[in-house]
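S.K.: I am attaching a structure below and will ask some questions about it afterwards.
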Amino acid sequence: MPDLQSIRTRTTLAAIMLSLLVLTLLGVTTSMAVRSTSENQMLDRAEEVAGQWAAAARISPLPDPIPASGNVDLIQSVDADGRILAASTAARERPTLPQVRPSPEDRVERLRDASVALVAIRTTAEPDAPVVSAGLELPPYLRGYLLEYALGAAGLLLVGLIGWTSWTRMGQTLRPVAAVRTQLAQITVSDLSLRVPVPDGNDEIAMLVRTANQTLDRLDEAVTQQRRFASTTAHELRNPIAALRAELEDTLAHPDEVDQLGTVRSALSVTDRLEAIVGDLLVLAHLQADDPAPRDRLDLGALVTQEATHTEGMPVTVRAEPGVWVCGSRIQLIRVLGNLVANARRHAETGVQVFVSSTGDQAVVAVCDDGAGIAPADRDRVFERFVRLADGRRRDSSGSGLGLPISRDIAHGHGGTLEIEDSSRGARFVLRLPHADRQPADSGASGS
């Protein structure tokens, strides 16, 4: 039995019900029109013949039998007492014709019974004037309800044909959807290479299939990135753990020959790196959890100055325009600024410069160092997870390789961008964020 909830079944039932309603109204209208037109034509013809014989009866008695006139073969003349004065052969062969006697005021009367369409005309207005009647046998389709039965049968046949056509066409239309469902059921996370065959044309089904394939492409890419990220994470964690294990095993095997205090210091260094990696992984997980941190209006210049002065290392010069406000998470933006300043300090030769300005509807932070810079081919790579260039590994081996990817994710989460732009010397990281109101609503808005 078809599923009543399926689109195919519901569409077919809707087509059947609609066609049944339309054909019922059409059948009733057709029946009434056919009956009215046919009967009026017969009565008009009968009235014409009756009028001719009534006029003849006023002049002289009618012949008996009265000759038929065309297809009007039921003719008779009746006196005031109901006696038949003259009649056509067909009228005499019938058991009886309906007895109709029009009034003197309205000398013409039309009658339609189960089998005859009849018109009676009083020859004169005198009370005892004869009445001439003329009529026709109704055709079979006008007797009883034969016309309605025929129209009903034709309508039901047509409804059935419409239902069958709708069911078949919907099956053909939805066949690609069934193929999509079957193919999607076969796709698992372990194998996302399968794609749904795209039907010909550019209808809604074809567009649905293309969208499904595009979604599968994105899902495949996301899963591939997750697997690559998991593999890289395992590799990044395994190396320091392996080094730590080797040192500890060496200390246990040769306790008298190993500098145990040095081993502890080395273990703490490795632990610090592991802690940094795990901490950055937690930040990445939080950024991808679709759980936005609370946001406030922040003075970006004050935030940069605060971050530059609270950390030690290579000197940092801040040049900030007043009144550059952004709406964002203080904790997340401090992490971005801290990552950029720390990265610039690692690569700078003499110092770091930070510029805060407003351009149109954007707040811009440019962090510049005077180091070796980053080659154009590596400017996108440095934002990939766990990617550390050779110069960066040489200058600081304890980094996690996640600082810049996290910074870019935070920038995107705030509706901004983080890019590396051309610089005459060193690297130039440029953070762009949507500009908020130039003045806070109250003095505490930027300090929350």
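Including glycine, each Cβ sits where the backbone N, Cα and C put it.
Worth saying up front: this structure is predicted, and the values here are computed from it rather than measured.
Pulled from TrEMBL, these are the listed features:
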{"type": "TRANSMEM", "residues": "12-34", "note": "transmembrane segment"}
{"type": "TRANSMEM", "residues": "146-167", "note": "transmembrane segment"}
{"type": "DOMAIN", "residues": "171-224", "note": "domain 'HAMP'"}
{"type": "DOMAIN", "residues": "232-437", "note": "domain 'Histidine kinase'"}
S.K.: Grab the same-chain neighbours of the transmembrane segment (12-34) for me: Cβ-Cβ under 8 Å, and only residues 6 or more beyond its ends, written as numbers and ranges.
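M.R.: Result: 4, 147-148, 151-152, 155, 158-159, 162-163, 166-167, 170.
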S.K.: If we skip the immediate neighbours and take only residues 6+ beyond the ends of the transmembrane segment (146-167), which ones have a Cβ under 8 Å from one of its Cβ atoms?
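M.R.: Distant Cβ neighbours of the transmembrane segment (146-167) are 8, 11-12, 15-16, 19-20, 23-24, 26-27, 30-31, 34-35, 140.
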S.K.: Just give the helix, strand and coil counts over the domain 'HAMP' (171-224), going by DSSP.
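M.R.: Output for the domain 'HAMP' (171-224) reads 37 helix, 2 strand, 15 coil.
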